[in-house]
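Data block below; observations after.
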Amino acid sequence: MDTSIGALSSCKPPCNDVGSPPNGAASAIQGSAPGPAAVGSPDSTMGRHLARRLVQIGVTDVFSVPGDFNLTLLDHLIAEPGLNLVGCCNELNAGYAADGYARARGVGACVVTFTVGGLSVLNAIAGAYSENLPVVCIVGGPNSNDYGTNRVLHHTIGLPDFSQELRCFQTVTCFQAVVNNLEDAHELIDTAISTALKESKPVYISIGCNLPAIPHPTFSREPVPFALSPKLTNQMGLEAAVEAAAEFLNKAVKPVMVGGPKLRVAKACEAFVELVDACGCAVAVMPSAKGLVPEHHPHFLGTYWGAVSTAFCTEIVESADAYLFAGPIFNDYSSVGYSLLLKKEKAIILQPDRVVIGNGPAFGCVLMKDFLKALSKRVKRNTTAYENYHRIFVPEGHPLKCEPKEPLRVNVLFEHIQDMLSSESAVIAETGDSWFNCQKLKLPRGCGYEFQMQYGSIGWSVGATLGYAQAVPEKRIIACIGDGSFQVTAQDVSTMLRCGQNTIIFLINNGGYTIEVEIHDGPYNVIKNWNYTGLVEAIHNGEGKCWTAKVFYEEELIKAIKTATGPKKDCLCFIEVIVHKDDTSKELLEWGSRVSAANSRPPNPQ
C-alpha cells in the first residue's frame, strides 16, 4: 500500500494514522515543491531545504517565536509557498501548539531561538515525548564561527560552553542535530526528521544563525526523496505469540479487551477494533486512550479507570478471568494511586513491539498491529463479558435541571456540552476536573478528543487547541479549561484570533487549582480572580472575530451556546462559566483521595 507521509488525505479519525508509513511497509517521502533550483539561487539554501522537507512530511504550519539567532531562518521558512509561519506569544505555547498539531496531522514543528527560547520550549517538548508525538523542534543557534572560541554569548548562562541547551534536550528528544557547517547539514536534517517519524518522538535541530541563507550544492535540487526503513515483525515470534495468546483467551470464560494510549504510536487502532469484532468481547479504554477506540462500537463499555471508571466498567474488567491490554501505561494517575484490582497472571500486555502473556512467556520483535490482526483470525467468539455488562447496566440519570437563578452546576454544563458534539467537532480537555468531566462525554463517530495525561502539564490546552485547530480547520474545537490552567498560557488566545480560528472555549471559573485541592489543600491552591471575558476582549482589541459571554445560570448558558453555534459560529467564542469552588465531579473526589494516599506513603523501613 502506498502511503503519503503526513498527507491530510490519509488522516482517519480517531486513530490519526498519519506521519509515518504502516508497519512493515517502506515509504518514500515525495517532493512537493517546484523543480530544481540553480546553485546560488535563493532556493538553494539550507533554510529553503528545511522548509521543503517540512512541507513534504505534511507540516504546513510552523509555530514560532522570533529571536536574533533565528531571524534569517524564519525569512527562508516564510519564503516557502507551502509553509505558513504562525507567530506565538511565547515559546512554551509554540511547543504546545506543535504538540496539538502533531495529534491531528501526525507531525508538528516549532522554531525558537538559542537557549533563552530553547529552555522555554523544553517543557512542551518533554510533554510531546511522554505522549509519543513526533515534533521537530528547531532552534536558531550561535554563529558557526563561535564554536570552540571560548567566547561568551548573550542568551546563555554566561559560560563559553554552548552545550547546555543540547544537554537538556538530550533527555526529551530521540535525536539531536547541531548544524554548524553546510557540508553535513543535509544529512543531519534528513536524519533528524526521519528519526522523528520512525520513533514517533520529538527531535532537536540547532542551526547556526549564519547558515540558512548561504547557497550550497547539496541544496541546489529539490530534496531527494528518502525512505523510512520499515519496522518488521519476526514471523516465528509472531506465530508463537499468537498461538500462546489464542490458547490463553480461548480457554477463558469471560475475557475482555482494554485499549491503551500506545495504540496511537503503534498505528494499531483499526487492528484492535478488528480483534474486538472477531472475538465479540466487551471493550473498554484506559482514560488516556479516549478517542482511539470508536465509542459507537456495540460492545463498548466506556473508560476503565479503577475506582473512577465509567459505571459498571470496573466490575466487568476486574472480574474477568482474562484481559488483553493493548498499549497500556500504568502510572499513579491512570491506576488511581496504584489501586487497580488486576492480576498479572490473567493479563496479556501488548506494547508496540512486545507481547507478554500472564507471568510469561514474553515475545519481542512482534509489532502490535501484526499481532492483533493475526490473533483476530485465531480467537474464538466469546460475548459472555458483554452479556454480563448488559444484564447489570443501569442507564445513568441526567442531572437535575437547575432552577431559575440557581447557580450553574458543572454536571449541568457538561450535559449541554454533550449535546454540542458531532463528527465536525473535537474536544480538548485541560488537566484538572475537565479530565473527569470530559471523560464522561460520549463521542459521536468522527468526533476528535485529546488530553495530556501522562505529563499532565497545566496550561497545555491553550497552545494545543491553537495547534489542533490550525491542523484541522474543518472541525470546530471545544476546549474545556480551568481558570488556574488558563492563567498559565492565556496569551495565545491572541494567536487564535490572528489565525481566524472559531474555537469555543469554556473557561470554568471555580477560583483555583481544584485538582490540587482534592489531592492536598492549602492556601497556595487559591488564585487571583481575573475578569476573564474582559481579558479576552482586551486581547481581541477589535481585530479578528471574537465573542465573549459570562454565565452564572443554566438559562444564560443555553443562550450563550445557542449564540456560539448560531450567529457567532464563525467567531472565536469564549464562554466564562462561574461555578462554586467545591463543585467537582465525584470521580475527582475519589481519584484525589487515592492519589493523595499514594503520595503520602511513609518511607519504607531502612
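Cβ from N, Cα, C; glycine included.
Looking at 22-44, 137-159, the range tied to region 'Disordered' in TrEMBL is 22-44. In the predicted model, residues of the domain 'Thiamine pyrophosphate enzyme TPP-binding' (452-577) average a pLDDT of 94. Residues near Gly512 (Mg(2+) binding site) in space but far in sequence (CB under 8 A, at least 6 apart, same chain), listed by position: Asp483, Gly484, Asn525, Val526, Ile527, Lys581. Highlighted in sequence order, Gly482, Gly484, Ile508, Asn509, Gly511, Tyr513, Thr514, Ile527, Lys581 have their Cβ within 8 Å of the centre of the Cβ atoms of Asp483, Asn510, Gly512, the residues recorded for Mg(2+), and are not part of that set. Taking all protein chains in view, 25 other C-beta atoms sit within 10 angstroms of the C-beta of Asp483 (Mg(2+) binding site).
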